[in-house]
């Protein structure tokens with residue numbers, strides 16, 4: 001084992017990271033700093049303090065990062081209408097760079113020379129944590145116990161916990177969900193269990209944040225989102241922070257059966273995997289943002305954004321948030337959002353997000369006087385179209401004549 | 001007026017094209033050939049024969065193109081998961097190249113030197129008709145009466161029809177819908193009227209092909225689609241032709257409130273316009289095709305397709321179906337579909353298209369033995385991930401060290 | 001003719017624009033403001049003042065725009081390594097937006113309601129002038145005499161000039177070059193004449209700015225360029241302005257036979273045309289900028305720039321400098337240049353631009369300790385490569401197993 | 001060590017691979033099959049037979065792959081005008097997939113379960129060999145001795161050779177070039193030595209295939225290349241095979257000082273490295289292919305190719321020749337080349353490749369009657385340009401009005 005003096009651990013207080021905590025101390029003979037963050041996963045983080053204390057940890061970081069997460073990660077990503085492989089709203093991917101950044105910052109504050117995480121060696125999350133950490137602190141040592149140890153089953157973990165007197169709620173740990181889950185303000189995800197058969201439909205009781213469309217109310221809910229520079233700043237006319245946007249839209253979306261996705265996706269490490277996701281607020285945001293852009297964005301800007309979006313999504317999915325190419329694309333995306341101001345009115349009904357109106361007093365490029373089917377009083381000269389078509393056709397005509 | 005001896009007119013038998021027929025004869029002193037096609041618009045085409053005869057037309061073409069339209073235009077387009085500006089399934093755009101091709105072929109058969117259409121000078125359809133015609137018959141003369149005449153209102157058209165004894169159902173023509181509509185096997189569209197205010201919600205009685213999600217059945221409908229090389233070849237295990245796919249999916253989709261879209265789009269001629277669309281079958285096809293691809297397509301192939309899709313969609317929207325660049329992209333898209341074989345199971349419910357299963361005996365790239373959260377018996381070596389991450393991080397680390 | 005009170009004319013003082021001046025007054029019964037700019041074409045602009053006065057013009061603008069042209073147009077373009085269709089350095093294209101901008105600004109200052117230019121109806125320049133003008137002053141009237149009048153030959157122009165007592169140097173005008181030429185600080189171009197046969201080699205006496213490689217010195221010239229944020233700021237260690245960069249590199253490049261290009265290009269208006277270009281300084285700049293970027297730019301940033309460059313070049317070629325999509329791309333390009341600092345050493349010899357050294361004390365990402373073929377003291381762990389390759393190969397292996 | 005019974009080794013007969021041969025036998029206790037190919041590196045391959053025999057090898061493969069290499073690898077790549085990072089013609093990269101393919105085929109023929117190569121753990125070549133091998137034979141074992149052993153210097157290799165009685169020409173091995181070199185029909189490359197300082201100019205005596213521009217003849221050489229479907233099929237009117245194309249153009253290019261490149265490139269494994277390359281024939285081919293395409297390719301097809309080229313180049317550079325995404329792009333590229341037929345005339349002079357003519361009787365899209373500056377007899381209506389510009393400007397004008 002290489003020399004490690006102090007390691008910052010992304011710590012949830014659950015079975016896995018509690019075992020890791022102990023294992024790190026024993027294996028590396030090092031001090032452990034714990035870091036526990038509220039990023040909207042919907043579980044209390046404060047209990048992690050007592051558990052860490054009970055295990056002898058001296059430096060304990062517990063933080064509420066919900067606003068930062070929404071403002072600096074989720075919102076910038078939605079400015080690009082980001083979606084991976086046509087279906088996935090990147091709920092897990094977008095949280096990792098923030099965790100990586102805080103791990104590194106805490107390592108710098110506490111003089112730690114390593115960080116550790118509880119992600120497995122098969123998934124994307126290890127890549128996202130580690131690329132972020134290396135980009136921000138290039139000589140950091142990263143410890144990924146799942147790639148090193150042989151505690152590869154729940155039973156072994158529990159035996160290890162018992163053997164080492166690790167304070168774990170064994171009753172709760174024993175009844176664990178059959179799914180591997182991850183949650184934050186943007187989404188909750190499910191993998192494993194019966195989902196490993198892509199032909200099997202998820203069971204209704206798996207879902208936690210949304211009712212099914214069938215169980216959603218029989219009457220629609222209307223909401224109005226106000227945008228400034230591509231971000232939601234008010235809901236139904238009431239000013240809200242980014243964190244509140246996520247919270248309120250998750251609630252209203254979940255209540256209306258919105259935001260379930262069930263997909264097979266391509267992991268960066270080379271395999272296909274099946275995942276189920278609930279992203280109620282994000283599903284609303286994607287639809288609404290496209291709607292306000294449809295009114296306020298130039299055509300060619302919108303098309304260029306659409307062409308670059310899959311690349312941008314791939315970067316985030318693969319863990320390259322803290323890369324110069326992501327930052328370079330972000331400059332362009334953010335520059336495009338200066339005029340994305342206005343309001344979108346939405347109807348939410350049993351899984352559907354329906355745009356029913358969009359408006360921008362300051363920046364609408366929709367010109368009724370030109371677009372109208374009625375008399376336009378000369379705003380548009382229909383005769384221009386002939387020349388437009390003729391010159392666009394010229395290369396096709398020359399080629400067609402040549403072919404004869 | 002330039003010399004025109006004979007012109008082939010895209011003729012519906014309605015007020016507009018009946019007036020055009022007469023106007024062409026009078027203005028160009030030429031013979032008119034009529035061409036009327038059933039492309040799934042849901043109206044009888046045979047009555048156009050009597051009307052054309054009554055107006056003295058000698059060469060009358062009436063054709064059922066529904067299979068050709070689905071097979072050679074709609075299906076190839078859906079192989080690319082094509083969608084314009086994130087929302088529009090290109091229902092109008094994809095029909096125009098077929099009409100253009102038949103107009104040109106009929107001109108060649110009948111010795112006509114011109115073609116004519118009833119599209120206005122503000123829209124995309126004139127471009128699509130004419131680019132197609134020029135690409136296929138470079139020296140054809142195109143007549144677009146709406147860009148030439150001064151009959152710019154319904155009243156003037158009706159007056160002209162009366163004055164020239166044109167056989168028109170004035171009762172029907174007088175009660176015309178407030179919307180400008182277009183329909184074919186893929187969709188029906190609405191523009192104009194109250195839609196010219198992008199803040200106004202469409203009225204429920206505008207929609208013709210779909211019930212509202214509210215009025216759709218309270219129990220879901222499950223269907224199973226079988227794919228061969230990217231195309232649907234069977235529904236619920238029963239072999240179907242491309243034309244039948246469209247017909248059956250439109251029915252089942254429309255019954256379940258699926259496929260409404262209400263968008264502001266960017267026209268090729270430079271303005272934004274608001275349109276409402278019903279595309280029930282197409283909405284199902286898009287979702288299902290992505291699902292079968294998720295199982296059978298290589299990751300990088302899928303991502304490359306995603307990056308090129310907006311460009312491909314733009315080409316079709318703008319009228320460049322008959323261009324070498326569209327054909328070149330199609331070669332690539334079609335090549336990618338060799339392994340897109342298998343089945344998708346869908347749940348349709350009140351506007352939702354939910355993928356509940358996908359399967360491919362012959363071509364699935366989903367490898368459960370590798371993806372599993374359980375013991376994988378060495379199929380995947382987790383230690384490989386460390387080197388993978390380290391080398392992917394190398395450039396980021398070098399840059400970070402340099403920044404310090 | 002629509003009402004025009006005052007028109008700003010891009011005026012060179014030569015035959016064509018002198019005739020246009022008179023023709024505008026007569027045809028539109030309007031006042032003409034002349035605008036003549038030095039953008040490095042290598043001809044005196046001051047004589048245009050006397051000629052304009054002689055023709056009764058009251059508002060005469062004569063300006064030296066060489067620094068602005070180099071700083072705000074040429075330099076930003078070279079940050080992207082811009083080249084159209086693999087060969088053309090966009091010398092004409094990049095000057096038009098500046099002219100368009102000044103025409104519009106002068107129109108605003110003088111209260112003119114129209115602008116006029118001397119570009120023909122077949123070329124790209126009309127598009128570049130007019131798109132720029134419309135983007136900056138949307139209701140401006142644009143007059144393009146070559147698309148309106150019937151003075152379509154040199155003889156007719158000269159006859160018109162004589163008839164209207166236009167002060168023209170008939171001796172000079174009569175001996176005009178067989179080529180249509182355009183010049184500015186970036187290049188000089190030739191079209192027409194024997195170049196209309198793409199199989200014909202240009203005659204040696206056509207070229208004006210460069211000696212032939214054969215006639216260039218037999219000993220090479222070495223120069224050193226210093227870059228700050230992607231722009232050249234010093235030559236051989238001596239600080240220079242952007243305008244001086246162009247002037248000095250044109251001289252040294254031309255003396256060494258550098259920068260001739262002879263190409264068939266695709267015009268935006270739909271035809272192919274053959275052009276010959278001399279771009280001595282630009283040819284050096286392109287090579288040198290790539291070299292400094294090779295040392296200081298991240299790999300993925302460089303690759304993304306390379307992928308977007310053809311689009312950016314197309315925008316400039318087609319006349320969309322003053323468009324939101326060009327500005328959006330520029331944001332990204334400029335953001336990438338923060339670290340493009342350092343020096344490039346070049347050897348110039350008989351048409352060749354050879355990079356012989358590149359260096360960046362502040363921003364080099366070339367890490368000798370890692371790249372070395374010698375012992376690297378553990379800077380790079382060769383064993384990481386195995387995992388890197390294994391995971392990158394995983395999808396290929398799964399697919400290969402499936403194929404068997 | 002895992003069980004290996006028989007391994008196919010890419011064997012040159014030199015010091016390194018001779019040591020590997022012995023080391024494999026000793027380390028893995030397995031049989032070794034040698035594979036030596038002539039891919040135009042300019043060294044005899046037959047001597048490898050005696051050396052292998054002397055070391056007791058029973059299955060010896062020695063093959064002349066020059067035609068296959070040129071026809072199936074180099075030529076398809078040049079159809080795309082492929083160039084990596086603006087400068088590198090991919091000479092090493094394009095040879096690796098062929099070697100990988102033959103290694104795998106020989107493994108299948110001889111019943112070997114492993115392959116081995118002599119590439120180091122820092123470079124791109126290991127990746128290219130191994131990705132290819134895994135894609136073609138997913139369960140093959142790959143042995144890369146440089147990543148495993150500790151013979152990390154020339155001295156240790158020579159000591160090992162002496163100790164094990166390996167027949168090596170010690171005199172030759174001891175005088176080895178200071179550069180790491182690789183050669184084939186497309187190029188010869190140099191890395192290491194003084195090149196590890198990017199500010200140092202290569203020494204003249206390093207270069208092997210080209211004279212310097214200074215030493216090249218004082219009179220130019222003209223050649224004419226005939227193209228069919230994007231490939232050269234004749235030189236100066238004389239039919240040639242792909243292998244002969246490479247041989248003859250390398251000769252004539254090298255004689256004229258053509259094809260040297262000196263660059264800093266970004267390796268796939270994450271570091272920058274400095275390389276010098278001689279690619280005389282390839283440099284001619286790139287220029288000539290662009291010239292014949294400029295005459296025969298549609299504008300939008302050409303631009304799409306240009307936009308995708310960097311991606312295609314990256315795939316080849318990174319080792320993904322045998323991937324579905326490369327094959328998919330190749331389908332598109334090859335489809336574009338159907339009309340790329342005709343002749344290109346070139347002037348070669350002291351490092352310069354100058355296109356002086358291009359011609360295509362069958363497929364030229366250059367229409368002199370339209371492009372001419374003279375009277376075009378109505379082939380092009382200049383008035384069409386006004387409508388073309390007006391509609392292209394419409395979105396810009398609407399936005400500009402909105403901004404006021």
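Quick reminder: no glycine exception, Cβ is built from N, Cα and C everywhere.
Binding site for ATP per TrEMBL: A:10, A:11, A:12, A:13, A:14, A:15, A:16, A:17, A:18, A:37, plus A:118 from the candidate set A:86, A:91, A:111, A:118.
Site annotation (TrEMBL): L-citrulline is bound by A:88, A:93, A:124, A:128, A:180, A:189, A:277, and the candidate from A:105, A:265 recorded at this site is A:265. The highest number of surrounding Cβ atoms within 10 Å, among the binding-site residues A:12, A:18, A:120, A:124, A:180, is found at A:18. With a 10 A radius on its CB, residue A:88 (L-citrulline binding site) counts 21 other CB atoms from all the protein chains. For the pair formed by residue A:125 (L-aspartate binding site) and residue A:93 (L-citrulline binding site), distance between Cα atoms is given as 7 Å, rounded to the nearest Å. Contact with chain B, taken as any Cβ pair under 8 Å, is found for none of the binding-site residues A:14, A:16, A:88, A:124, A:189, A:277.
Across the domain 'Arginosuccinate synthase C-terminal' (A:179-398), the prediction's mean pLDDT works out to 96. If you draw a 10 Å sphere around the CB of residue A:265 (L-citrulline binding site), it holds 21 other CB atoms from the protein chains shown. Annotation note: residue A:189 (L-citrulline binding site) sits in a strand segment as assigned by DSSP. Of the chain residues outside the L-aspartate site list A:120, A:124, A:125, A:119, A:122, A:123, A:126, A:127, A:128, A:269 have their Cβ within 8 Å of the site's Cβ mean position. Put simply, residue A:120 (L-aspartate binding site) is 15 Å from residue A:93 (L-citrulline binding site) when counted between their Cα atoms.
In this structure, the C-alpha atom of residue A:120 (L-aspartate binding site) lies 15 angstrom from that of residue A:18 (ATP binding site). Around residue A:16 (ATP binding site), the same-chain residues six or more apart in sequence whose CB sits under 8 Å from its CB are A:118, A:157, listed in sequence order. Counting only same-chain residues at least 6 apart in sequence, those with a Cβ under 8 Å from the Cβ of residue A:277 (L-citrulline binding site) are A:88, A:89, A:91, A:187, A:188, A:189, A:190, A:259, A:260, A:261, A:262, A:263. If you measure from the Cα atom of residue A:180 (L-citrulline binding site) to that of residue A:18 (ATP binding site), you get 17 Å. Counting every protein chain shown, 21 other Cβ atoms lie within 10 Å of the Cβ of residue A:118 (ATP binding site).
In terms of C-alpha distance, the listed binding-site residues A:124, A:128, A:265 place A:128 closest to residue A:10 (ATP binding site).
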